[in-house]
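**Q** One structure coming up, written as structure tokens, with questions to follow.
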Amino acid sequence: VLQSSNSLKASYEDWLLTYGLSVSPFHLRWQTALFNRQFYSWGRWKPRFLYLWFSVGMVFGIVAMFGSVILLGKTLLQTLTQMLTEAPKAQNDRMLQVVVSVPPQLFNDLVLYLVFLLCFVLLSCPHQQVPGVNLPVSQLTYFFSAILISGVIHEVGHGVAAIREQVRFNGFGIFIFIVYPGAFVDLFTTHLQLISPVQQLRIFCAGVWHNFVLGVASFMVLFLLPAILFPFYYTGVGALVTEVAEDSPANGPRGLFVGDIVTNLQDCPVYNVEDWNSCLGDISEKSQVGYCVSAATLQQLSFPARVYRRLDGTVECCSNNSLTDICFSYSNKLDNHLYACLPARKVIEASKVCRTNMDCHKDFVPSFCVTPSLENQTRLIRVKHPPHIDMLYVGHPMHLQYTVSLSSFVPRQNFLSIDLPVVIETFCKYLISLSGALAVINAVPCFALDGQWILNSFLEATLSSLIREKQNRELVGFLILLAGSALLAANVALGLWMVTAR
């Protein structure tokens with residue numbers, strides 16, 4: 001039995017070796033030489049152009065190395081400041097952005113990928129998401145696809161640059177650690193050590209450079225998407241509803257439906273998704289608008305009701321069981337605050353939006369600006385989506401924003417998918433975010449990241465005449481790497497603390 005077990009184990013190991021597979025706890029790695037011919041084809045294509053291309057990448061990588069230190073230092077100070085504030089602003093929350101980092105010499109990719117799991121960049125843009133923290137399940141495909149593509153493009157840069165500098169290319173591979181995908185290239189180390197520091201810089205900076213180019217290319221596609229899709233989709237006519245969550249307050253017979261085009265929120269015009277978000281933000285920050293109602297109509301629609309104050313100080317004058325009536329407040333000529341329970345739809349439809357009674361003076365008809373008396377942060381919002389009847393929404397504006405998905409692109413033909421532009425937009429945004437994050441993190445002069453090799457080659461290229469002893473140059477590099485690693489670790493620790501504290 002023991003001999004049979006050993007034979008089976010040997011056969012299994014031979015099978016893994018034949019197919020370039022390596023399996024260990026939480027880690028799967030695959031390496032192949034199938035793409036070597038393609039890599040050599042790329043690396044020998046137009047040598048002069050590739051020389052200029054990777055020389056520009058070298059300059060970018062060196063600048064990115066210094067820039068990443070400044071960015072992480074600034075981020076650390078901002079995080080410390082945010083920790084000391086008693087009530088940080090929710091709309092400016094910064095979330096953990098995980099990135100993949102694979103240096104060209106991948107002999108211990110398991111250890112390096114553990115470093116990857118801790119690496120992050122705190123980006124300025126709001127609403128960044130994190131797997132396991134607040135990333136929706138529907139976004140996981142975008143997230144992991146963008147990570148894999150960013151990692152592959154990163155390693156293709158290293159591989160092509162290495163072949164351009166006459167370094168032997170052994171193979172390309174991908175791996176998965178737990179659930180996170182990554183890529184790597186296997187280079188002949190002896191060749192890599194024999195070439196000049198400047199040549200090494202072109203190779204080590206190529207990954208960061210290619211990630212930057214990928215981010216720029218994704219941004220250009222995102223920016224030019226209306227022109228690219230113009231033959232099939234038109235824009236500027238409103239925000240197209242693509243999904244309404246089941247628990248959304250906008251769900252219902254008089255709510256929003258997939259295919260509706262929203263044109264207005266209150267008196268705020270909506271031409272695209274950005275307008276939708278901007279209008280909801282303004283409605284949330286500003287006080288509730290009122291509606292002009294003539295004195296005669298006010299007397300006709302109102303009915304006696306008991307007035308009482310809520311815990312937050314606002315006034316309620318309608319029955320709690322009413323689904324159509326809302327308590328409105330207004331002021332008369334004596335500036336007395338009066339309240340009336342009115343049918344919301346009859347008051348709002350065909351009414352002019354106002355802030356004060358002065359906005360309602362027209363044709364000498366006595367009118368009042370009646371304002372919904374609602375709890376703090378709650379708003380009454382009129383949503384226009386012709387040809388349907390206006391939707392009246394009562395609640396927090398952000399609940400409407402989070403439960404309704406929209407697109408700025410309206411199909412010219414019914415058979416065209418309403419989701420395709422959203423898929424392209426979302427994927428481009430993930431590529432910009434993750435590829436940019438990968439470039440920033442890999443440029444940090446930190447142990448096991450590209451920044452380590454960039455720094456060592458940079459010091460060899462610039463300090464050889466000033467510091468003649470190689471041992472002393474290595475000591476300088478070690479101290480800088482130690483400081484860079486400490487800076488990155490501090491950002492990681494404080495970032496994790498900020499996420500878990502919330």
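Positions of Cβ are set from backbone N, Cα and C atoms, glycine also.
Heads up, TrEMBL stuff is auto-annotated, nobody curated it.
Residues or ranges marked as transmembrane segment by TrEMBL: 50-73, 110-130, 142-162, 169-188, 208-230, 475-499. Annotated domain 'Peptidase M50' per TrEMBL: 142-482, in sequence order.
On this model, are these features tucked inside or out on the surface, and what's nearby?
**A** Counting same-chain residues at least six beyond the ends of the transmembrane segment (208-230), those with a Cβ under 8 angstroms from any Cβ of the stretch are 54, 56-58, 60-61, 64, 149-150, 153-154, 156-157, 408-409, 421, 424-425, 428-429, 431-432, 435-436, 438-439, 442-443, 450, 454.
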**Q** Do any residues of this chain, six or more beyond the ends of the transmembrane segment (50-73), have a C-beta under 8 angstroms from a C-beta of it, and if so which?
**A** 43, 121, 157, 160-161, 164, 198, 201-206, 208-210, 212, 439-441, 443-445, 450-451, 454-455, 458, 484, 487-488, 491
**Q** Give me the mean pLDDT over the domain 'Peptidase M50' (142-482), rounded to a whole number.
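**A** Average per-residue pLDDT within the domain 'Peptidase M50' (142-482): 90.
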